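Colleague: According to Swiss-Prot:
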- D161: active site, proton acceptor (ACT_SITE)
- I40, G41, R42, G43, Q44, F45, S46, E47, V48, K63: ATP binding site (BINDING)
- 34-299: domain 'Protein kinase' (DOMAIN)
- M1: N-acetylmethionine (MOD_RES)
- S5: phosphoserine (MOD_RES)
- S195: phosphoserine (MOD_RES)
- 20-33: region 'NTE motif' (REGION)
- Y97: site 'Autoinhibitory' (SITE)
Amino acid sequence: MDEQSQGMQGPPVTQFQPQKALRPDMGYNTLANFRIEKKIGRGQFSEVYRASCLLDGVPVALKKVQIFDLMDAKARADCIKEIDLLKQLNHPNVIKYYASFIEDNELNIVLELADAGDLSRMIKHFKKQKRLIPERTVWKYFVQLCSALDHMHSRRVMHRDIKPANVFITATGVVKLGDLGLGRFFSSKTTAAHSLVGTPYYMSPERIHENGYNFKSDIWSLGCLLYEMAALQSPFYGDKMNLYSLCKKIEQCDYPPLPSDHYSEELRQLVNICINPDPEKRPDIAYVYDVAKRMHACTAST
């Protein structure tokens, strides 16, 4: 459910202005208590609006999902159960899930507003300037991302959709990992219809073989993201590439090496062990986080 916020900064939305009486007893659990201001993003299955709570003035992101059209009853129940899990996460580098409720035949999810750019925008900026991201900057952001994922995995929650567009960076340089992958709850028929939207460069070999997603699949995506921060493109990116040739490249771990004259052996080695076709041979998040902390400490002073 990636959110494409670029080009979505439209005029203020008026048709969603609450007309119902305020319900202080309901808190964040009803649309009546929100003023919706403008659309800020759109995903395959959802639209995201900037809104503010009329009870406390807090700005939020309100994600509206067409839940009844896109899910069967079991998937709806599983999705809501998963969101309840996400609400238990509490970490400075994870977008906070405040509330979720079904109203007007839609699933409404109230999230912390990430009023910031994202990592994909930062990568595009460096690419446009024909400059590589300094290694100390890579570790500054990557260590925060590892901290977020360590928190999630310690609570047995997988992200499932780690990629630069889902990593937000605030004006003060704080990383916020957002848009946790709830897409698996949508019907296979619906998902198939959307499978050509965006090339799945971060898809792990086990996903290709439909062997299911596990915690080590998040590590694969994390390795791809670290590579992309250094190379300014996905490890498996190729011009005019179809899905078949992409899957072949992923299965064979066929990607160009990072420049050794610009990035440390430690960074290149970490990428290599994360992007391993065998999930069992990939490290866990605790190991990746330890390396990131050590490298952040020794590059921050340079």
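Note: Cβ is positioned from N, Cα and C throughout, glycine not excepted.
How about a rundown of where these features are and what they're close to?
Modeller: Packing around D161 (active site, proton acceptor) is summarised by its Cβ count: 19 other Cβ atoms lie within 10 angstroms of its Cβ, all protein chains included.
V48 (ATP binding site) is surrounded by 24 other CB atoms, counting those within 10 A of its CB over all protein chains shown. In the three-state DSSP reading, V48 (ATP binding site) counts as strand.
Sequence-distant neighbours of the region 'NTE motif' (20-33) (same chain, 6+ residues past either end, Cβ-Cβ under 8 Å): 53-55, 60, 98-99, 101, 103-104, 108, 110.
Sequence-distant contacts of Y97 (site 'Autoinhibitory'), defined by Cβ-Cβ distance under 8 angstroms and a gap of at least six in the same chain, are I83, L86, K87, L89, I109, V110, L111, E112.
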Colleague: For the domain 'Protein kinase' (34-299), would you mind checking the mean pLDDT of the predicted model?
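Modeller: Per the prediction, mean pLDDT sits at 87 for the domain 'Protein kinase' (34-299).
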Colleague: Report, in whole Å, the straight Cα-to-Cα distance of D161 (active site, proton acceptor) from S46 (ATP binding site).
Modeller: 15
Colleague: Check the DSSP secondary structure of R42 (ATP binding site), expressed as helix, strand or coil.
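Modeller: For R42 (ATP binding site) - judged by DSSP and reduced to three states - the answer is strand.
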Colleague: Cα-Cα, whole number of Å: R42 (ATP binding site) versus D161 (active site, proton acceptor)?
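Modeller: With the alpha carbons as reference points, the distance is 16 Å.
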